[in-house]
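J.: First the structure, which I've put down as structure tokens, then a few questions once you've had a look.
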Amino acid sequence: MFSENLHFFEKLSIFLIETKIPHEKIKFLKNTISLKGGFIVTNPSTADVILTILKSPARISRYIGSETRKPIVSIEWVDKCVSKGARIEFVDYLIRGIEEDAMDWTTVEEEEEDQDLFDEDSNSSSSRSPIYTSENEHSDDGRDVDLDPRFLNTSYECLRPTPLKPKFNAKLVELLEVIERAREVNDQWRNALSYRRAIAVLKSYPRDIISHKEIKKIRGIGSKIGYQIESYLRTGTITEAEHILQDKRFHTLELFASIFGVGFKTALSWYRKGYRTIEDCKNHPNLTKAQQLGLQLFDDLREKTLPQNSPFSKRRMSREDVEEIYNIIKENVKKLDPGCVLQPVGGYRRGKELNGDLDLIISHPDEERVPSLLNDVITTLTEGGYIKNLLYRARSESRTGIIDHLEKCFVAFLQPSTQIKRQVDFIIATQSQFASALVGWTGSRQYERSLRRYAKREKKMVFASHGLFTNTKPRILIPTSTEREIFDILGVPWLEPEMRNC
DNA sequence: CGGCATACG
DNA sequence: CGTAT
DNA sequence: GCCG
């Protein structure tokens, strides 16, 4: 996936034992093999390699007869090749090598034969293979488990509570988030979106997933992600995610895309030019204004962490850091105009311990005061020595003087106690815009997406962070004054900000 | 097989 | 193309 | 990558 060599199965003939492999997975395997230049044969004796999910040698021998000279390999080998983007050695995936003595087989044969009779159709728990065991007890016993009745099986995340840290399925969520990020840096936002929806499901699911039959009933988890989860239940990990974490290209792309002013497409294009370090990026000829700033402030906004985790991570603020900055701003703004109303939003409001920035809505009961508010706030804080750089500014002055969207400004704010420049996002809202700004800027991103999709598809309304509208032309504003009122009109349940972490 | 959130610089 | 939730 |  991260390297370019296709056709890594070129001219490889493969005999696939389809037994016990989920239907979707069979399609995926056949598709992958032919896509990569290999081909499926129907006779094991003409195959270079035999693929199976089965573990019992006795069972396997039923499908390959007396053919004992061919390597028999777990289908996970194919997954490994796909994630590596290359044909890798199958030594680690051999179920039976070509050298092995057939005698060892017959010993296990009898006890396993009997089990096979029960295995055939069944929901009974199957014996565990050595290659599938791990230190943790992961149980995918294949039982037909009903979904937990407390779980709302909807494709709209905004209809069910999602905590910041999942009580269950935490490791699985972590692994899927790795794949989500990999899809993002590879500019596959639709795939990333699917992973995000699946992650949101697992974060809100009220117990650990224990069976792959349970998974498939959940809206948002289909065959591919379902298979990843199934594999996780067997092995305790997801090979693709483990691979991504080893992949230097992935980490470099994440690093580049973490520069302010550099998105996934630019990160990819720079990588293709051969850039590998921040220094390389600084030498790029046509840097935009934003990118120049982003590179200049990179060490402030970012920090190298322990090489065990991803080698670079955002220099995040504790809640105390955020509060320190918030109190300074509040003091200065109140001094400027006591009528101002300040409301921290974003991840901080959702309860995050570590925050990449501070998002702050500033409002004022007097609509006349609002248009000049941002300038005054910026000026005061700049003169106070706090604001060191302006990163981005959206003005909202229309000819008629009517503000139809939110004025906002992102700045680099010098935190006194640490002397680190922190990103602060100011959002200006009139009183009539305040409620929607609150909903719109509290997030999470996925919560916003689902709320907006729900509003449009189920209620024929359009929600934006400056207001709720009818989905007509022209759009008609539906006045709202509180968060709860917006939820009521949309018919979505009230969720505490801490439960909007999808 | 189209749609996937919405807005602004 | 980039920014934000 | 998943759904309607």
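Here the Cβ of each residue, glycine as well, is placed from N, Cα and C on the backbone.
TrEMBL annotations: computationally assigned, not manually curated.
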J.: In TrEMBL, the residues A:D357, A:D359 are said to bind Mg(2+). Which of A:D247, A:D280, A:D299, A:D425 is said to bind at that same site?
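T.: Among A:D247, A:D280, A:D299, A:D425, only A:D425 appears alongside A:D357, A:D359 as Mg(2+)-binding in TrEMBL.
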J.: Taking the centroid of the Cβ atoms of A:D357, A:D359, A:D425 (Mg(2+) site), which other same-chain residues have Cβ within 8 Å of it?
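T.: Those within range, site residues removed, are A:V345, A:G346, A:L358, A:L360, A:F410, A:Q423, A:V424.
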J.: Would you report the average pLDDT that the model assigns to the domain 'BRCT' (A:4-95)?
T.: 68
J.: Around A:D357 (Mg(2+) binding site), how many other C-beta atoms are within 10 angstroms of its C-beta?
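T.: There are 21 of them.
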